[in-house]
Amino acid sequence: MFKDFTETAPPSPAPPAGAAADWTVPQHWDRFTAGDHATWDILFARQQEMLHGRAVRAFEEGLDVLHLSRPGIPEFGELSDRLRARTGWTVVSVPGLVPDDIFFEHLANRRFPAGNFIRSRAQLDYLEEPDVFHDVFGHVPLLALPAVADFMQALGSKGLEAIAKGALHRLARLYWYTVEFGLAREDGALRIFGAGILSSFGESRFSLDSAEPKRRPFVLPEVLRTTYRSDSFQTGYFVVDSFEALLDAVLRADLGSLYREAESLPDLDPARP
Ligand code: HBI
Ligand code: FE
């Protein structure tokens, strides 16, 4: 019936050679080639144009206050100085995907792990592992906003708790449908705030304009029961009314009870009517 909530997660793998115990590595910004910086510039220009009027307003403000519009891949030390001054967050460099407990431990301490590599020209539209464009362009601008900064930190600590409770798959759905693929209503219009959409040329149009996907109001217990796929555009999105309301819903919830309740109910299809 229920999953055994006392079950412990397997130990995470050791960091690769050259990485610290928390999987961070030097960014080695000086090792990016002119071609790497040009790849960033191509992606940046294309997304900035596409997202104008589509992203939540705070996204463009974040690009601005963090000076992300300057050409080239950002240097994380300088970016962190600007971000720290706003919300106390920093950006740390990692070689790619890191184990869940390591990832959430960083978030719980207001550190955002960002890839130290950029995709190749053949992968402008799709890649498997999050690179510096997804991580920095997609995630970092909104971390300049206090409500999002607090929400991400909360997800970090709730993530660590979820691992301990054997409920990581539930918390991962909350992360997916907000931080990665969230939509928001702003002045009555639908806007994008999820980094997976913000960093995707195709999905930034599809998520708002297509008649195919379902768009439903954010309801925490429903989100925890809704499956997702990572190999195609989403078939359903959740829409928040504000970041403050989202933060409040997650901070006030008794997630342990919601996880247990969800285990006794069937999963939900994001494309359900
Ligand atoms: N590692 N670098 C990186 N970036 C992520 O977004 C990430 C990760 N490790 C685990 C993880 N995400 C997931 O646990 C969450 O998306 C739920
Ligand atoms: Fe991401």
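Placement of Cβ uses the backbone N, Cα and C atoms for every residue, glycine included.
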Stretch carrying region 'Disordered' according to TrEMBL (options 1-21, 43-63, 85-105): 1-21
One of E180, E186 listed by TrEMBL as binding Fe cation at the site of H134, H139: E180
Number of Cβ atoms other than its own within 10 Å, given for E180 (Fe cation binding site): 22
Cβ atoms near H134 (Fe cation binding site) (within 10 Å, other residues, all chains): 22
Additional residues around Fe cation, ordered along the sequence, whose Cβ is within 8 Å of the centroid of H134, H139, E180: P130, D135, G138, V179, G194, A195, G196, L198, S199
